[in-house]
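This report refers to the structure that appears directly beneath it.
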Amino acid sequence: MIMFCTIDIIGHYTRVIFFQGLDKTKNQHFAGGNTYWEEKKLGKFITSETRLLEAMEYVCKKKYVQNWDKYKDIKNLEFKCMQLVEESEDNIENWYFHKQSSDPDILLWLCHGKLRLCCSEGHYGAECSPCPGVKQNVSVCSDHGSCQGDGSREGTGKCVCHKGYVGFMCSNCDANYYAVPNISVFTCNECHQSCKGGCFNSGPENCKECHTGWIMSDNHKCEDINECESENRCSGKHMKCHNLEGSYECVCEEGFVIDSKGNCKINVEASAEEMWIPPSRLLRSFSISSFCILISLVIWRRSLSLSIFATICALIILLIEFYFDHSSFFELSHYLL
């Protein structure tokens, strides 16, 4: 048997498609064409086995469901739906031929009553006991939580409260939350991040105490402490302190980026907006320009010594291009300037 933690949803899905199948076939008739003879010999089409078979062709096929998003979280839904239909085939036929007039909702008749796998919404457990709030004719768990086991034959019926709410009926605010005043619906909002131990209302001026990183001012307001005013907050090379709300962070100076070891290194990938000329392009332009000038001198003077010197320069340029760390050149120029 399918696990009943999802049987109510699967049953609802099955019911939706089954009734869509019935709806699509309600205005049809037997294929012969002689309606009077068909009804006299075969009975009315609306309660016939032929109509049931045609309606069952729609069952468990998600392409016939209009609001598919409601069921998308259940894996293998079509397979589980077919499992339920196959296991309940006799009961479905019994309902169709004998019970649909007195019990028009097949989900209630089959899953809730006959198979005893489900409970109505707002009920839980073996006896379908009411969830907190149902007897009082108010929303289950004050609409701020969910009843454990709601709709199934299992569960404790306890309220699992949403974030910020606590209590038997989720009708109180959790620590560091406050009840919003002067509104008709009970709502809990989170206190300001500077508050510690709760607050009276919104904002840093309504805190009971201040968290680390804030200090209570004379006008009873939690104000941010600027940790960057203290010395040696960020002592790393090319690092500077950046103040945050309630804290601070160490960041690299402009033109530097942090590496995997937490140190600041030259940003060789800096964009043109950050640097006039990237160091790699500057070094390459300098070496190629120098080599072109040297070649021009060799051609002009036709000197053997200059030819040898040009060859050596070419090798040096290749060495710089493929083996030299461009960032170190930029770092050297950074210190020289």
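Indices start at 1 and increase along the chain as displayed.
The backbone N, Cα and C atoms fix where each Cβ goes, glycine too.
Marked as disulfide bond by TrEMBL: C161-C170. Here TrEMBL flags 132-171, 224-265 as domain 'EGF-like'. For 282-300, 306-324, the entry in TrEMBL reads transmembrane segment.
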Please count the residues of the domain 'EGF-like' (132-171) that DSSP assigns to helix (H, G, I), strand (E, B) and coil.
4 helix, 9 strand, 27 coil
Could you count the residues of the domain 'EGF-like' (224-265) that DSSP puts in helix, in strand and in coil?
3 helix, 18 strand, 21 coil
Integer average pLDDT (0 to 100) for the domain 'EGF-like' (132-171):
93
